[in-house]
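Annotated features, as they stand in TrEMBL:
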- 17-69: domain 'Malate synthase N-terminal' (DOMAIN)
- 160-235: domain 'Malate synthase G alpha-beta insertion' (DOMAIN)
- 339-570: domain 'Malate synthase TIM barrel' (DOMAIN)
- Glu428, Asp456: Mg(2+) binding site (BINDING)
- 587-687: domain 'Malate synthase C-terminal' (DOMAIN)
- Cys613: cysteine sulfenic acid (-SOH) (MOD_RES)
- Asp627: active site, proton donor (ACT_SITE)
Amino acid sequence: MTTYQTKSGLSVHPLLVDFVEKEALAGLSVSADQFWSGFAALIAEHAPTNAALLAKRDDLQGKVDDWHRKYGPVVNNPQGYEFFLRDIGYVVPEPADFTIDTNGLDPEITTLCGPQLVVPVSNARYALNAANARWGSLYDAYYGTDVISRDGELAPGKGFNAARGQAVVDKAAAFLDETFPLISGSHRDVTGYHVVKDGDIRSLAVDTGAGRTALKDPDAFVGYGGTQDAGQLVLEHHGLHVILVIEPSSATGKVHKAGLSDIIVEAALTTILDCEDSVAAVDAEDKVGVYRNWLGLMDGTLADTFEKGGQQVTRTLKPDLTFKDVNGLPLVLKGRSLLLVRNVGHLMTTDAVLVDGKPIGEGLMDAAVTVLCAMHDKGGNSAHGAIYIVKPKMHGPEEVAFACAIFASVEKMLGLAPLTIKIGIMDEERRTSANLKAAIYEARERVFFINTGFLDRTGDEIHTSMEAGAVLRKDEIKSERWIGSYEDRNVLIGLACGLAGRAQIGKGMWARPDDMAAMMAAKSGHPNAGANTAWVPSPTAATLHALHYHEIDVFEAQRRRHNEAVPSLDDLFSMPVQVPFSLSREEITRELENNAQGILGYVVRWVQQGVGCSKVPDINNVGLMEDRATCRISSQAVANWLRHGLVSRDEVTSVFERMASVVDAQNAGDPIYRPMAENFQSVAFQAALDLALHGADQPSGYTEPLLHAARRKVKAREAAKKTMQ
Ligand SMILES: CC(=O)SCCNC(=O)CCNC(=O)[C@H](O)C(C)(C)COP(=O)(O)OP(=O)(O)OC[C@H]1O[C@@H](n2cnc3c(N)ncnc32)[C@H](O)[C@@H]1OP(=O)(O)O
Ligand SMILES: O=CC(=O)O
Ligand SMILES: [Mg+2]
C-alpha cells in the first residue's frame, strides 16, 4: 500500500513529492509550500470546469448521434446538419477578424521554417537524440535510406558499397547545385573550396577543373571553422544553415576531389517532447519518469548510457556550434533543437495526486509540473524565456480558453510573468476544426502554433459520425473531401489570423518511418501549402525533410495563399461514410485483419512493456509508426463496422485471435515478449479486443482509458510477483 503524503490538503504520491521537492524545485526560488498550496488552488479552481467541459463533450456527442439516427448521413440533409450543429452550440459564432498578438517567441517559431521532430519523452536515449537532431548528416541520410535506390549495384549490403557512396555524393552535389548554385560549373566537379580574404572580409572561392568560380549568391557563405585540412564552411539559405565538412584525410573525404567528407544540414528546428500519445505513463512512477527526463533536458543534465554496436555509449546534449563569420567574428549556431513539450489533454485523470480520495485531472498536473521543470531553462533552450506547451485533443474554443486559463494560473502560482507559457493548439478534434478561428482567438496572446494532427482528427471524424453509417476503409477515409477541407482551412484560417511570421502553421506526422523516398515525394506538399513546419518521426526524416524548406520558400507560399477564400464548412462536414456500401466480403475481411494486426501489434507492447510508440508492420509488411492516435483510428474503424453490422462480434474476435499469432511471430525475437495466441484471456489481448468491441462507447473514441486500465493491471501483477519473491 502506498502511503500518500498530505500537502496543502492534497494527497500526493511519495514519488511525486520527492521528485518535486528534491529535484524540480532545487535551485528555484519557489518553495515547496508555495508549490503545493498553489497546486491545490489550481485544482480547486479548474477541476469543476474540466468536469463540465467533458460533460459537454458527451452531451453534444449524444445529440449528434440522435440526429444521425433520425436523418442518416449528412448528405441526406447538409443544410439541416449545419443548422443543427449551430443550434446545439457545436458550431459557435466566429469572432470578427483579428491578428494574434503573441510576444517573446524564438525565431525557430516565427521566422525560420523547417521540420518538427516528435519523440516520446519517456525514452531518454531517443529524447537526447531528438534534442541533438538540430543537425543531421545528409550523406548518412542518403546512404541509409531508400531515397537512393537499394537495387542492383546500389544495394547497401554489408560494409561500405562504393557505388552507393558515389550515388550519395552525386545526389548531395545536386542538392548543393540547386540550393547554392555556382556562377559556373557544378559542385560535383569542385576540386577545392577556399576561404579567401579581401581586406577584412572573407568569401568563398571555388575551384573546378574549368578554373576558379564562386557562389552565385556570395552572401550565402556566412562562416567557417577549422583549417584547410580539416575545416567547415557554413552556408545559409532560407535562414537554414548547411555545413560543408572538408576533411581530405577521412574515408569519404579521400575519394572527393575537394576533400568534402560530409554535408551537415540544419534539420529539426523544433522538437516536441511528448508526454501524450507516444508514451505509456499510467501512474505516479511513470509520470515522474517522464517529468525527470523533461527536467534533465531543461537544465541540460540529461544523460543516458546504453549499448550500441557492442560498445557502451553515453549520450548527452550537444553544445552550440562555434565558427567565425565573414568578418572573422564569432558565429554561434544553436547546437540543439528548440524544445517544446506536449502535455496530455483534458480527459484523463491521475492518481499521483488525490483530492478527497479521487484522482485529479492529469492535464492540470502536467501543466504545473512541466512548467516547473521548464523554469530550469536558463536560455539554453528559449532565448526569450518562453515555455512552449503543445496542448492536444481540445474540443473547440471553450477548451482552448480553458487551457489558457490553466496556464495563467500556473504562471501566477510559480511567480512567472503573465504569458510566459505559450500554447500550441493541435487542430485534431472535429469541433476545433469547425471553430478554428474562434479557438485561435481564445489563445491569441499565447498561441505559437496551430497544427493539423490528422491522425487523431481521423479518429474523431469516425467517432463523431459513428451513427451516420459505415465508414470507408482507413486509407480511403484519408483521401476524402473532408480532409482536404480540414487541411486547407487550417492554413487559410491561420494566415487570416496573422500567423505568418508570428507563429507556426504546422502539418502532421509522416507515419511510415522507413519509407523516406515516399516521404520526400509527399512532404514537399506541406511547405508548398504554406505550412512552416511539419512533423517527422525520426532525426533522419528531419534531415531529409529539411531539404524541402530549401526547395520551397514558405513565406512566399503563404503570400500566394493569403487571399484564398477559406472553404466553407460543407466539405469539412462531408463525412467519409459509404453511401451506398460497396465492399466485397474479401475486402471487408482484409481491412478487418489489417486493423486487428495494427491494434494488437501496438497494444501488446504498450500493455506488456509500457512502450507508447512502436513501429508495427501492417498487413503488407510495411512498418508503420503506431501511437495512440493511429490506434484510435483502427479501433474506431472496427467499432463502426460492428455498429453497422458489416462484421459481427464473433468475426471480430476470431480475426483478432488469428492475428494474434501473426503479431506473436513478428515479436519472436523479443525475449521479454509474452505471446498472445497462447492465452486469449491475457490482459494485452483483451485490451486490444476491447478497443474494437467497445470502441464506440469510449469517450470521443479515445484509447487511453482502456490502455491505462490494462497497463495498470499488468504493473500491479508484476509488483505483486516481486513482493512474493
Ligand atoms: C499522431 C501523433 O501523435 S505522432 C507523434 C507521436 N509519435 C512519435 O513521437 C514518433 C516518434 N518516433 C518513434 O518513436 C520511433 O521512430 C518509432 C517508434 C516510430 C520507430 O522506432 P525504432 O523502431 O526504434 O526506430 P529505428 O530502429 O528505425 O531507429 C532507431 C534509432 O533512431 C533514433 N530515433 C528513432 N526515432 C527517433 C525520434 N523520434 N527521436 C530521436 N531519435 C529517434 C533512435 O535514437 C535510434 O538511434 P540510436 O540507436 O542512435 O539511439
Ligand atoms: O497528434 C497528432 C495526430 O495526428 O493525432
Ligand atoms: Mg494527436
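Quick reminder: no glycine exception, Cβ is built from N, Cα and C everywhere.
Just so you know, TrEMBL annotations are computer predictions that nobody has curated.
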Same chain, 6+ residues apart, C-beta under 8 Å of the C-beta of Asp456 (Mg(2+) binding site), given in sequence order:
Asp277, Pro392, Lys393, Met426, Glu428, Glu429, Ala629, Arg632
On the DSSP side of things, how many residues of the domain 'Malate synthase G alpha-beta insertion' (160-235) fall into helix, strand and coil, could you say?
24 helix, 34 strand, 18 coil
Within the predicted model, mean pLDDT of the domain 'Malate synthase C-terminal' (587-687):
97
Under 6 Å from ligand 2 by Cβ, which recorded positions from Asp456, Cys613, Asp627?
Asp456
Ranking 17-69, 160-235, 587-687 by Cβ pairs under 8 Å to the domain 'Malate synthase TIM barrel' (339-570), which is first?
17-69
Roughly how many Å lie between the Cα atoms of the residue listed as 'cysteine sulfenic acid (-SOH)' and Asp627 (active site, proton donor), rounded to a whole value?
5
Return the residues near the residue listed as 'active site, proton donor', defined as same-chain residues 6+ apart in sequence whose C-beta is under 8 angstroms from its C-beta, sorted by sequence, else 'none'.
Asp277, Ser278, Leu455, Tyr602, Gly612, Cys613
Including all protein chains shown, what's the count of other C-beta atoms within 10 A of the C-beta of Glu428 (Mg(2+) binding site)?
26
Can you break down the domain 'Malate synthase N-terminal' (17-69) into helix, strand and coil residue counts using DSSP?
46 helix, 0 strand, 7 coil
Is Asp627 (active site, proton donor) helix, strand or coil when read with DSSP?
coil
